[in-house]
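Chemist: Please find one structure pasted underneath; my questions will follow.
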Amino acid sequence: MTQAATRPSNDAGQDGVTEPDILAVARQQVLERGEGLNQEQVLQVLQLSEDRLEELLALAHDVRMRWCGPEVEVEGIISLKTGGCPEDCHFCSQSGLFSSPVRSAWLDIPSLVEAAKQTAKSGATEFCIVAAVRGPDARLLSQVAAGIEAIRNEVEINVACSLGMLTAEQVEQLAAMGVHRYNHNLETARSYFTNVVTTHTWEERWQTLTMVRDAGMEVCCGGILGMGETLEQRAEFAANLAELDPDEVPLNFLNPRPGTPFGDLEVLPAGEALKAVGAFRLALPRTMLRFAGGREITLGDLGAKRGILGGINAVIVGNYLTTLGRPAEADLELLEDLQMPLKALNASL
């Protein structure tokens, strides 16, 4: 056994036998066999010392390259309906229950189409229409249908949606509209969810996701790291996602919003955030892992490069729903510098 494979572990048994090093285990289990780490193994990765971060990121990158390939999928998002949401997601400035500065507003169809055009020009293959709602009503679904039709008439791009929790009938309607992928985040570990949301349950979200998959749409499901969860709960969340097995996992990092219950939380340290990126890649070797909201404030420009070389293989370009993102040009230049090709539209269809 190599030196790397026999590093001391806090989990050594009472007989004094040293446990195998978790990254050596991951190299065999994940890199060679494509089997994701389980919850306990992910926790061991999250507990690694800072001096092993680069080793972790290098392994996560190797896993991503072997099981996902070099291509990076680029996506843009737009808010069709902003603010006024009746739910109490403690991280979200769009809740109508908090004293945040975001106010309710709707986007018109011509503006939606123009946003899709600009997104496609950036090289993106996915354009996600988002609404701040518990779930869509008839008016919203009608607006979404009109928007999708208008986009398809003028723009060559996949259309995704994120419209909250759905009924079985609404799932079928969206599938019939040609929605390529549906985003609905579990947000955090099942055991921590009630600390984040109280107006609906984790199980309700899970039910929507299973119906989406059954209807033939791709499933996009991730969450936000740095909302006060423990490392154990972060590992649990990775295991929850592995059980769901979505097509895409967007990783957000809390960007505390004024007026929300989480507005005074500390931003996740960059090293801890990158360690989570590597750990989630080792838990989900074949899944599209997307850099999403909060990466700018958490990681900065250097962190974007380290994440893409540490397991990430998809990005959201431009701005987010209520916060500013990196300019699309900055991300595209970075990908070009790293010689990472953009995923082509025909490979996404």
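Using the three backbone atoms N, Cα and C, a Cβ is placed for every residue, glycine included.
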Chemist: Just to be sure I read the record right: Cys128, Cys161, Cys220 are listed as binding [2Fe-2S] cluster in Swiss-Prot. Which of Arg52, Arg290, Arg295 is listed for the same site?
Modeler: Arg290
Chemist: Measuring Cα to Cα, how far is Cys92 ([4Fe-4S] cluster binding site) from Cys128 ([2Fe-2S] cluster binding site) in Å?
Modeler: 18
Chemist: So which other residues, same chain and not among Cys85, Cys89, Cys92, have a Cβ within 8 Å of the centroid of the Cβ atoms at the [4Fe-4S] cluster site?
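Modeler: Sorted by sequence, the hits are Glu87, Asp88, Phe91, Ser93, Gln94, Ser95, Ala132.
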Chemist: If H, G and I count as helix, E and B as strand, and all else as coil, what does DSSP give for Cys161 ([2Fe-2S] cluster binding site)?
Modeler: strand
Chemist: Including all protein chains shown, what's the count of other C-beta atoms within 10 A of the C-beta of Cys92 ([4Fe-4S] cluster binding site)?
Modeler: 25
Chemist: If you average pLDDT over the domain 'Radical SAM core' (70-295), what do you get?
Modeler: 95
Chemist: Near the Cβ of Cys128 ([2Fe-2S] cluster binding site), how many other Cβ atoms are there if near means within 10 Å?
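Modeler: Excluding its own Cβ, the number within 10 Å is 24.
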